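See below for the structure under consideration.
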Amino acid sequence: SGESGAGKTESTKLLLQHIMNLCKGNSQLEQQILQVNPLLEAFGNAQTVMNDNSSRFGKYIQLRFQKNTVQGAKLSEYLLEKSRVVQQDAGERNFHIFYYMFAGLSSEQKEMYGLLDPSLYRYISGRFGTQEVAEHWKHKYQEVCNALDMVGFQEQEQVDMQAILAGVLSLGNVTFEPEESNGSVKVSGTSQGWLKAAAVSHKKSSLCVVSPALLHSPPVSCCCSLCADARDSVAKVAYGRVFGWIVCKINELLAENVDPEVELREIGILDIFGFENFAVNRFEQLCINLANEQLQHFFNHHIFQLEQAAYKEEGLPWETITFNNNEPILNLLLAKPLGLLSLLDEQSAFPQATDKTFVDKLNSSFKGNLHFQPARGRVLGFSIVHYAGKVQYAAGGFLEKNRDTLPANVRGLFINSVTPLLVPLHIHGEPRPTLARVECGHEARVFHRHSLMVLMERMYSANPHFVRCIKPNSLKEPGVLDNQVVLLQLRYNGLLETIRIRRDGFSWRPSFEEFAER
């Protein structure tokens, strides 16, 4: 754990290499486990103001052992930040893979996928930088292609995948305008070309991000902003599908081949997005910071509560060490029926509710709560005093993102798509939760929260080791140690109290046999 940019992902990679080196088992499998990282980072990481290679999803890697050798591995992913596909703030970029494609594809391939100059796409922000950066991205693109081959993606599947990504970019440039005669909405004349590019079918790819029927559809009666929301929903779902597909393929490749008679043991490594506090914090930051609150609570429970309970149980002289318990913050966020997320779900169920009615509800429900502060003036937002400090959240878009709905007619476009990937996938003979379920509002939220709940249950049933990553400075500079930045992290992570409990407590715990033998 640690805040964004503290080195969690790099530490995870080093830890994996270390474990693999100690095992000296199935070398091919070990290489495969290490080689899937470039793939996950290309599709799941992005540049943010805090970190140039920030994980925008959480991953839990389970290594399965028999007789001290790795026999297989499984990857679980949590809460991919799909909203990044359609919107990035100043100083941030979209997922790496889009930039790698522009740098790595040949002119002929770009023409095949209908890709034009990157500066033309609304979904891509950030200048493309120097020739040196372009060369680096080109090298990264080659790494991704090698990893796709290694994981077992067929050539046609790779073509389809890149055509979907190109189609997503084209779709982002589709705009809408009112139909003067009857007040309905249609695709604007200037963006018809982009719509055709998003629904392209060429000789090498049977891709269709949107149904060809949409090219000839009559105007619809709704406002332009609703059509734009539906367009963005399609882009987010398509990207989420590609990411999910990659994770499924990785798990097929790494599945264990084991002797059923021998006990299977496991080491799990959790690398999850760090605590975030940006200039503008949205729904995504609240989800990320909630996950970090839960991990901090788990750390407190394990290091302070269980440890001190053991001393008391054995009748040892012990002066209780107090720690910063973040349970009240978790109650504020998770309590039912009056926690922040319960109120958000309640408001999301009312069609007439708005982000303002949601904020009003929070202000009245949490009046006097030490961990909640209403926004000042006319700002639509609120602040939460987290274990790591106060974060101000902009409430605009909270209800829409929480609903995460896909209109029924748009769902139909996916079901009728000519690209198999975009039609609900089936894995190992089990129907994958279909678009109509997972991407539809309430079930999507339940799915995400349930997966985080299962993750926490796993953690509590294991024997955990905590790797606390400390960010040396806020400038993304090597070799610079900012004392105040470091001290703040040591304080809010509870590491000063942890040092005290380790120093005053009993760090070496031999069994009676070990003690007697010594």
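All residue numbers here begin at 1 and follow the chain in the order shown.
The backbone N, Cα and C atoms fix where each Cβ goes, and this holds for glycine too.
The Cβ of LYS8 (ATP binding site) lies under 8 Å from the Cβ of SER1, GLY2, SER55, ASP271, ILE272, GLY274, VAL467, CYS469, each of these being in the same chain and 6 or more residues away along the sequence. If you look up TrEMBL, you'll see GLY2, GLU3, SER4, GLY5, ALA6, GLY7, LYS8, THR9 marked as ATP binding site.
According to TrEMBL, the feature domain 'Myosin motor' maps to 1-518.
Per DSSP, the region 'Actin-binding' (452-474) is made up of 9 helix, 0 strand, 14 coil. Residues or ranges marked as region 'Actin-binding' in TrEMBL: 452-474.
Long-range neighbours of the region 'Actin-binding' (452-474) within the same chain, counting only residues 6 or more positions beyond its ends whose Cβ lies under 8 Å from a Cβ of the stretch, are 1-3, 5-8, 11, 15, 50, 58, 60, 76, 78-79, 268, 270, 274, 291, 294, 298-299, 301-303, 480-482, 485-486, 489-490, 493, 495. The C-beta environment of SER4 (ATP binding site), restricted to residues of the same chain at least 6 apart in sequence and closer than 8 Å, consists of THR48, MET50, ASN51, SER54, PHE273, GLY274, PHE275, GLU276. Highlighted in sequence order, ASN51, GLY274, CYS469, LYS471 have their Cβ within 8 Å of the centre of the Cβ atoms of GLY2, GLU3, SER4, GLY5, ALA6, GLY7, LYS8, THR9, the residues recorded for ATP, and are not part of that set. Counted within 10 Å of its Cβ, the other Cβ atoms near GLY5 (ATP binding site) come to 22, all protein chains included. Between the listed binding-site residues, namely GLY2, THR9, the fewest other CB atoms within 10 angstroms of a CB are found at GLY2. Over all protein chains present, the Cβ of GLU3 (ATP binding site) has 25 other Cβ atoms lying within 10 Å.
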